[in-house]
Every structure is written in structure tokens, then in C-alpha cells.
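To start, the structure under review is shown below, and the notes come after it.
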Amino acid sequence: MPALMALRKRAQGEKPLAGAKIVGCTHITAQTAVLMETLGALGAQCRWAACNIYSTLNEVAAALAESGFPVFAWKGESEDDFWWCIDRCVNVEGWQPNMILDDGGDLTHWIYKKYPNMFKKIKGIVEESVTGVHRLYQLSKAGKLCVPAMNVNDSVTKQKFDNLYCCRESILDGLKRTTDMMFGGKQVVVCGYGEVGKGCCAALKAMGSIVYVTEIDPICALQACMDGFRLVKLNEVIRQVDIVITCTGNKNVVTREHLDRMKNSCIVCNMGHSNTEIDVASLRTPELTWERVRSQVDHVIWPDGKRIVLLAEGRLLNLSCSTVPTFVLSITATTQALALIELYNAPEGRYKQDVYLLPKKMDEYVASLHLPTFDAHLTELTDEQAKYLGLNKNGPFKPNYYRY
């Protein structure tokens, strides 16, 4: 994780997070552990819970606990365990958080619901998922957001790298590990052509799969068409496809009606953060039989013998069933760390009770820290060129409205 280590080396003397008490709710993986250790090296105290009941690596949680980090998480939590862990993170005598690092918005939601007075001492929220950011914008619109929040999900370095490149690699890994399937010639429908959908489609197309896309947004839909994918409604292809992948951030994208019409042995999985995209609850009925085949793989069997293969019970496939590229997570983790430093040290009044994007200069800084890995050499503007473009020689190089 080159950028995170560079940040640790450069900033640990200054301790920009001295006095910060960060409560976090993210995936607890080896990469998260490096982030937590970095935050500690920069002066912060941390307490942590998991944002997903299947993505925790128990050995990592145990190692963090042994190192002195209060961590409340284990792989395979129940729904009640999940909220208990978040509560144990927050509800502790003599320790009041002043920063929140969230992935999905559950921690922020819990504090609003149970301990709203805590927000008097909280300086800001850093949120990294589509789902969590959506919830923050809803709070802001309703006038209920009482601290500044940083939308890391829509920073370029998170969206273009974590969402696109990470999913381009991990979708195949997750499907291979759980099903041992062959991709060549398989018919796949990918619901959603945002960055996650683009990554999934690119990987599957490269492996020889026949890929269909569903979209609600005409711009993303046109991109899918121009990239060579057939744009369809889910109902049009549901009987013939071999795999259904959701990555929309929406709810009930795949309904019980769709599930009833799928062909035998269709594989169903979700690459979005939340487990709302596939209506899994509708499958827990007496007439259907659930058969656990292996960890994170269930066969749901209909009375006529038809079965579908449901992965991770409709939760996030790549972090539940595989690993994700450490290099890409270095980009995301560095972005999170910089957002925490920015909000924690911001002078009074710089950020109001609203949702903000990471400053462009920070996005560029995170990217630059990763370039040495590739032995990449940036071209520098001459004074004349900088004047001609109306830019500072050191950036930022693009306006905020630029779409990469």
C-alpha cells in the first residue's frame, strides 16, 4: 500500500490526528488494518466495527485487538450481532468519538438513532460508499445533518479506481472461488452500468461471456451500448441468462418474480454495498428449500427441482467471497485518511453542516503517491504552458466539473 506508507512516513512526525478519536465501521481486512495502524501513527485513537457480516477476516480482527485496537467484529455475525458490535464501538464510558469513518452509513445511522448528543463533539463524518453517501444527502436535504461530511465515494480516486478497477478484477475472483465456473460463452446480465458495472462488464467480456446490461440512466445506457453491450430490461433475458449480477445501489432490482423465472442453476450475486438489491427475504418461505453447498454458496430449490445458486446471501460478493487488490485499496485508504485529516484540522467555518467532495488537489496528491510503483514519470508544465492554460504548475489540473 505505497501511498498509505508514504503518508505515514511523511506525517507521523507532525501527528496531524493528535487528539482525534475515530470510530470506524468498514470492512475489516488486512488493508483496513494498515489504515488503522496509519491513523494510530498519525496520532489518532480508533475503535472499529464491521460494515458487513461476512467480510471480516477473523485473524486480522484478532491481530488488531492484540495490538491494542478495540475491534468488535467477526465473520458471520447475525443481524443482532452486527448492531451490538456497532453499539460496543460507540457506547463506552470515558471515550467520546470526535470523528466518524463510515462505509454504508450504518454507524452514522446508529449514532443518530441512539446517541444524537454525541454529534456535539463530532467534527465530521467521512463516508465511502454509494449507499452511505445517499443517506447523508437525504439527511442534509431534510436539514438533519448536524456536522460536516466528506463524500469520499465520489472522489475520483475512489470511484475510478476502487469501484472500476477493483471490481474488474474481483468479480471474476469471487465467482471462480465460489462456483468454479467457466466464463466463456456464458450469458450474463449486469444490472447497473456505473463504475462497478463497467468494471464487471469489461472483465466478463474479456473472458468471452455474452453480456447484457440493464440501466435507468440514458447516459450510462448509451455508454453501455457504445462499449458493445446489449441494453435490455431484466424481464427480457431473465429466462435465458446463466448469471445475474446487481450493482445499482438500489433495492428490489431482482424480485421474487425474476427469481421464479430464472433457469435451473442460474447464479445470482450482488456487487453493490447493500444487501437490498436482491429480494432474498422473499426466498425464505416454506415451499423453497435452502441447501448450504459451501461457505457463502446456497442452492435455493423450488418444488419442481429447479435451483438457483445464491452467493453470500445477496451481500457484497467480492469482499464476502474473495479478496480485493491491495494496491487499489491503498488508493481508497489514503483518500479516507486525507479526508479525516482535512475535516479534523479544518478551521471553524470552512465546512458547514453539509456534504462535501474531497478537494481536487488531494485527489491528485493520492494519485501521484502511487505513480512510483509503475516507475511512471509525470511531465511538468513550463511557466509559459501553465500561463497559457491558466493553471498553477503544481495543480489542480482539472476543474471540479471535469469528468475523467
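Just so it is clear, glycine is given a Cβ too, placed from its N, Cα and C backbone atoms.
As given in TrEMBL:
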BINDING   Thr29, Asp103, Glu128, Lys158, Asp162  substrate binding site
BINDING   Gly194, Glu195, Val196, Gly197, Lys198, Gly199, Glu215, Asn318  NAD(+) binding site
DOMAIN    163-324  domain 'S-adenosyl-L-homocysteine hydrolase NAD binding'
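Counting other Cβ atoms within 10 Å of each Cβ, the binding-site residues Asp103, Glu215 show the lowest value at Glu215. Using CA atoms as reference points, the binding-site residues Val196, Lys198, Glu215 were checked against Glu128 (substrate binding site), and the closest is Val196. Among the binding-site residues Gly194, Val196, Gly197, Lys198, Glu215, Asn318, the ones whose Cα sits within 10 Å of the Cα of Asp162 (substrate binding site) are Val196.
Around Lys158 (substrate binding site), taking its Cβ as the centre, 25 other Cβ atoms fall within 10 Å, counting all chains.
Distance between Cα atoms for Gly199 (NAD(+) binding site) and Lys158 (substrate binding site): 13 Å, as a whole number. If you compare Cα positions, Lys158 (substrate binding site) sits closest to Val196 out of the binding-site residues Val196, Gly197, Asn318. Here the C-alpha separation of Glu195 (NAD(+) binding site) and Thr29 (substrate binding site) works out to 22 Å. Residue environment of Asn318 (NAD(+) binding site) contains 25 other Cβ atoms, counted within 10 Å of its Cβ in all protein chains. All protein chains considered, the CB of Lys198 (NAD(+) binding site) has 24 other CB atoms within 10 Å.
Of all the binding-site residues listed here (Glu128, Asp162, Glu195), the one with the fewest other CB atoms within 10 A of its own CB is Glu195. Of all the binding-site residues given, namely Gly194, Gly197, Gly199, the one with the smallest number of surrounding CB atoms inside 10 A is Gly194.
Annotated pair Gly194 (NAD(+) binding site) and Asp103 (substrate binding site), C-alpha to C-alpha distance, rounded: 18 Å. For the pair Gly197 (NAD(+) binding site) and Asp103 (substrate binding site), the Cα-Cα distance reads 19 Å. The maximal spread of the substrate binding site, taken as the longest Cα to Cα distance among Thr29, Asp103, Glu128, Lys158, Asp162, is 17 Å.
Around Thr29 (substrate binding site), taking its Cβ as the centre, 20 other Cβ atoms fall within 10 Å, counting all chains.
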